C-alpha cells in the first residue's frame with residue numbers, strides 16, 4: 001500500500017517497533033522554512049527531530065509544558081466550513097493557565113433537555129450590568145448551570161449551550177492581568193473569550209441518527225475579572241471534571257485505514273481534526289500500510305503514552321488491533337486503555353451499536369472521554385485442519401457425519417440417547433486417533449468484538465467485497481444475489497443456554513444504554529430475568545383485565561415465572577423441543593466446568609479456503625478462557641447443559657452487539673457488557689421461500705426479523721459450530737474470513753474499555 005502522506009519512518013519509539021507512517025502532530029514543523037510558523041520549539045515532543053513533511057498547520061504543544069498555547073485554534077475558525085454559524089475572526093494570542101481541578105466526573109442526562117436545565121440551580125451568573133456582549137449585542141444575562149449555559153438574549157429569547165457539546169474555552173490573552181480590571185493597555189478593550197462546541201446540526205427529538213457540527217460562541221467581557229470568572233467556571237464545571245480530564249491535557253493515538261469502505265478515511269480525519277484542534281488535544285497519526293499493521297501496533301507499540309487509541313476505519317482495523325493488544329504479556333494493563341472508533345467503513349457495526357455512526361459525534365465522544373466495558377469473544381479452531389472438501393455425493397474422509405432423515409435441524413439434549421449413539425462411536429474413534437491430545441499449541445485463537453457468522457450472512461459479507469466502492473449498497477446487492485442463488489449448509493451448532501426465556505420474552509429485554517442496569521450488574525442473567533418477569537407480570541395483569549378467560553392459561557404460566565425455554569423451531573418435534581428447554585440455573589453456571597473431557601469428534605477444514613489470517617510471530621491472545629472447549633466430546637457437553645442443533649441451515653449469526661451494519665440490526669436487545677452471545681439462525685424448512693427470506697432481510701433493518709417463525713434466537717454463554725465437510729462454505733469473525741472448520745466461541749465479559757456517548 002502506498003503511503004500517500006510521504007511521511008518518513010519514526011526513528012525513535014519507546015518500547016515498540018519502528019512503524020511506518022507514524023505522524024506525531026505535535027512534531028510538525030522541523031524544516032527551517034517552517035520554523036518561523038512554530039509557536040514554540042519547546043512544544044516538540046520528539047527530541048530526535050524527525051523530518052515530518054506534513055501539511056497540517058496547527059502545532060500541538062508538548063503535554064509536559066503547562067503553558068499550552070492555543071493561538072491557532074481561534075484563527076482557524078475563519079476557515080471553518082462545517083456550518084460554523086457563529087464564526088469569530090479574532091486572532092488572539094492565548095495562554096493556558098492549565099487549571100486542573102479534578103471534580104467528580106460530569107454525568108449527562110438527556111441531550112437537549114431544555115426544561116430540565118431551566119430547573120437547575122445557578123452556579124454562576126453574569127447580569128446585564130456587567131455589559132456582556134454576544135454577537136456584538138448586549139445580553140440580559142449569562143447563566144452557568146451544571147448541565148449547560150443559558151444565554152438570556154432578551155426577556156423572551158434565550159439560547160442554551162448544553163454541557164454535552166462543550167469541548168474547550170479559548171485561553172485568556174497574554175496581556176491579561178488579574179490584578180486590574182482591564183487589560184494592561186492604555187485603552188480599555190473588550191476581552192473576548194470563545195467557547196468551542198460540537199452541536200447537533202438541527203433540532204432532533206431523538207438521537208438515534210444524530211449529526212453534529214463545530215460551532216463557536218464568542219463573548220465580550222468588559223472587565224478582566226468577569227472574563228476570568230467565566231473562563232474558570234467553564235474549566236471547572238465542564239472540562240476538568242470530565243472522566244479523562246480536560247481535553248487540552250490529553251494525548252491520543254489515531255490509526256487510519258485508507259482502504260476502509262469507500263476510501264473516505266482521510267477526508268473524515270480532516271473533518272474531525274478541526275474539532276480536535278479546537279479542543280487542544282494532542283494527536284499522533286498513523287496510516288496503516290498493510291494487512292496486520294494495526295495488529296503489530298497493538299502488540300508492540302508503547303500505547304501507555306496515550307490515554308485513548310482512536311480508529312478511523314470500519315470494524316476490521318479495531319479487530320486487528322485488539323488481536324495484537326490481547327496477545328501482549330501486559331494485556332491486563334493494556335486492555336484498560338480506552339479504544340474509540342470513528343466510522344469510515346461499509347458496515348460500521350460497532351459504531352452503529354453504540355449510536356456513534358456520525359464521525360463528528362464519535363469525535364465529540366472521544367473528547368468527552370466516557371467509557372463503557374465491552375465484551376470480547378475468544379474464537380478457537382484446531383490449528384491442524386487438513387480434511388479436504390468433498391462433493392455432495394462422495395465422502396472420502398475418516399470422519400463420520402450423521403444424516404438425519406429430516407432437513408430441519410434436530411435438537412439434542414442429554415436425555416436424547418438415541419440421537420447420541422453415532423456421536424459416541426465417533427468420539428471413541430477420535431479419542432484413540434487423537435490420543436487425548438490437549439496441547440493448546442494445536443489451537444488457533446482470535447478475539448472477536450462483533451460476531452461469528454456462517455452461511456448467508458458470511459457469504460454476503462465476504463463475497464460482496466467486489467462491490468465495496470458502492471458503500472452501503474454493497475451489502476444490499478450482495479444479499480439479493482445470494483438469496484436468488486440460495487445455499488444450504490449442513491452441520492451442528494452446540495450452545496450453552498444462559499437464560500431460560502423464549503423468543504417473545506427476549507424481545508422484552510431493555511435495550512443497552514450508557515447507564516445500563518444489565519451491563520453494570522455483577523449478575524447480568526439475574527437482572528435480565530427479573531426485568532423480563534416483571535414486564536411479563538405487568539403485561540399479564542393488563543391482559544387479564546381485558547381478556548378474562550381468553551389468555552388465562554398463558555397468564556398463569558407467566559405469573560408463576562415458569563421460564564423453562566421452549567423450542568423456537570416450529571418444525572421440530574414436541575418431545576425434542578421440550579428436552580432442549582431445560583436450561584436452568586445449572587446451565588448458566590457450567591461454563592467454567594468444561595475442562596477435562598476427551599477431544600470431540602470432527603476437525604473439519606477446506607483446502608480451498610483462502611489463506612488463514614496471518615498471525616506471523618505474534619502469539620495467540622493471553623486472555624484467560626476455557627482453552628479446552630474444542631476438546632469436549634458431544635456427550636460431555638450435553639451432560640453439562642449444552643444443547644445441540646443438527647441439520648440444514650440457511651445461516652447462523654452469533655453476535656455480542658446489536659448491529660452488524662447500519663441497516664442490519666442483528667439483535668436489538670444485545671448488550672455491550674452482559675457476558676452473553678445472541679445466537680440467531682435460520683433453519684431450512686419446507687415452508688421457507690425466497691420471498692420469506694427477502695422479508696427477513698427487509699425486517700432486519702429494524703430488528704423485526706426476530707419476530708419471524710423462521711428464526712430461532714437464544715441467549716448463550718458459549719457455542720461450538722461444526723459445519724459439515726460435505727459442502728464448502730464461509731465462516732467469518734467480525735467480517736474477516738477464517739478457515740472453514742470446527743469453531744468455538746466464548747464470551748469474556750467486559751474485557752475492553754470502549755469510548756461511548758454518555759447520553760441516551
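A Cβ is built for glycine as well, from the same backbone N, Cα and C atoms used for every other residue.
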Per Swiss-Prot, 257, 258, 259, 320, 345, 346, 347, 468, 474, 734, 735, 736 bind ATP; matching candidate in 288, 383, 702: 288
Matching range for Swiss-Prot feature annotation, region 'Disordered', among 169-213, 394-438, 484-528: 394-438
DSSP three-state assignment for residue 314 (substrate binding site): coil
Closest of 313, 314, 315, 461 to residue 346 (ATP binding site), Cα positions, recorded positions only: 314
Residue 736 (ATP binding site), number of other Cβ atoms within 10 Å: 19
For residue 736 (ATP binding site), the three-state class that DSSP assigns: strand
Which of 314, 316, all binding-site residues, has a Cβ with the fewest other Cβ atoms inside 10 Å: 316
Minimum Cα separation from residue 313 (substrate binding site), reported as the residue among binding-site residues 257, 259, 736 that achieves it: 257
Least surrounded among the binding-site residues, given as 257, 346, when other CB atoms within 10 Å are counted: 257
Residue 736 (ATP binding site) as reference: those binding-site residues from 314, 316, 461 with C-alpha within 10 Å of it: 316, 461
Number of Cβ atoms other than its own within 10 Å, given for residue 259 (ATP binding site): 18
